[in-house]
Amino acid sequence: MALEESHVRRAAHLARLAVSDDQASGFVDDLSRILDMVDQLQSLDTDGIAPLAHPLDATQRLRADEVTETNQRDAFQRCAPAVENGLYLVPRVVE
Amino acid sequence: MHDKTVTQLAAALKSGELSSRELTSHFLQRIEQADGTLNSFITVTAEQALDQAEAADNARAAGKAGKLTGIPFALKDIFCTQGVKTSCGSKMLDNFIAPYNATVVEKLNAAGTISLGKTNMDEFAMGSSNENSYFGAVKNPWDLTAVPGGSSGGSAAAVAAGLVPAAMGTDTGGSIRQPAAFCGITGLKPTYGRVSRYGIIAYASSLDQAGPMAKSAEDCAHLLNVIAGHDVRDSTSVARGVPDYTETLNAPLSGLKIGLPKEYFGDGLDADVEKAVREAVKVYESLGATVREVSLPHTHYAIPAYYVIAPAEASSNLSRYDGVRFGHRCDAPADLIDLYTRSRAEGFGDEVKRRILIGTHTLSEGFFDAYYTKAQKVRRLIRQDFLDAFEDVDVLMGPASPTPAFDLGAKKDPVSMYLQDIYTIAVNLAGIPGISVPAGFSNGRPVGLQILGTHFAEAQLLNVAHQFQQATDWHLQRPAFAEENA
């Protein structure tokens, strides 16, 4: 499956990653070579094989619906780039 | 002092021959002296270490010392440590002071061990040479023109150079075993779920696992005793009892059935590496083991499957770095999208961006089944290869890496770097444990023997590795660098 620059552009948009025009062509080259290597998978017959998501086939454990976390907002916001009154600040999104 | 194993140092502390303060000062001084050359640490926490050492000595005086109380070690900079910079080798987290401790860190603190600091690594654990670190490459103490391996390259180099007696690493596709092999130390990747991932910065969550890196299998057994176990804060950690891994180290190996996967001795394997591994296997035969060839037929699909699954998980895990709650934020964002896209573009290095883009692409509409579902099916076949092999043999043996450490700057093409992990990556896909032990040299660079066991066979792997280290002295060899910088 050949990779085109439009694929890289779409992935960069979905991943919210700024990619300049110069960088885009480099990524097309690198990612194409990676996907060529990955494409070896297509030669393997996997009909009837179930996908494996967890190496021990574990399933999600459940716990009682109880409050276990304490409020540590101040500690967690100490590493934030911009906060005010306990809120995270971002550029205005609603005019 | 720096030549001794954790086991020997623990005995010296217990007998009162040494205090933890003396030991800690000694290693801090070595780091100060030698790490300008190696670059194995990102952060050294000297003051905290000396405080911890004093507390350890006081605990010992009060009769409250455990087996490892007062032993210095280092943490790969992927483990969150409260109040200490936890960068994950990235500019993105250069300003991140972790507000909490990883479970592994809590357990090591509770055991009275002393953290000397945080070791260098490939950014977000993505790499096999440690050259992808924002904080610069690490040098291999055996040869300063060689890479130490990756991604836990700083941990491996620091232990090999005698800057610290042991270190913690993580392994998603070989990141403990390959640097251990390149630096001539012993490194164990436990079974997926054996050690809690809570507080370990996530790369590929269905593959990541933490483990010890040290001078001997016996040291690794002591450290695994401390860090293994179920943790309610990691829903993938396994609720299963933890044995005392030191108790079975001396079990005899007579009757041990060893399998040599024929796919691990094929094209691309360095002749010296093959010779060292085959000679190690002969040592096992002399200890009473029997050897036979086995097959892991899907071996060559492991790297392709990994480079779908790991980047897919990474693209999801790394979406949290948005420039809003923590981590790097770009200057003067025009709007919210500009804030996201520019903070991420500035904060991540090239390899991380490649993997985010690959993962996002393969998970996107129109490509998901062909890539992600396909890779997960192949993952089942790869695991089945191992389960079938373990019906016939107790352990598998082979090289940890097809070559010894390569030169710094030698592998510029990402795919050629990926292919280095041919013998380690399938192990993470299958979730089984593996250990690398020193088994010889090729042109002065160490060679690692990899030993693999079935799920939760850590005690057996440590026993098998320890018995080899009773019969050989490869693990006792030290690089000249360690002495020149004494």
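Using the three backbone atoms N, Cα and C, a Cβ is placed for every residue, glycine included.
According to TrEMBL, the protein carries these features:
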type	residues	note
ACT_SITE	B:Lys76	active site, charge relay system
ACT_SITE	B:Ser151	active site, charge relay system
ACT_SITE	B:Ser175	active site, acyl-ester intermediate
DOMAIN	B:22-462	domain 'Amidase'
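Annotated features taken from TrEMBL, shown on the structure.
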residue  : record                               : DSSP class
B:Lys76  : active site, charge relay system     : strand
B:Ser151 : active site, charge relay system     : coil
B:Ser175 : active site, acyl-ester intermediate : coil
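Local packing around the active-site residues B:Ser151, B:Ser175 was summarised as the count of other Cβ atoms within 10 Å of each Cβ; on this measure the leading residue is B:Ser175. Under a cutoff of 8 A between CB atoms, and with a sequence separation of 6+ in the same chain, the neighbours of B:Lys76 (active site, charge relay system) are B:Lys118, B:Thr119, B:Met121, B:Ser152, B:Gly154, B:Ser155, B:Ala167, B:Met168, B:Gly169, B:Thr170. Distance from the CA of the residue listed as 'active site, acyl-ester intermediate' to the CA of B:Ser151 (active site, charge relay system) is 5 Å.
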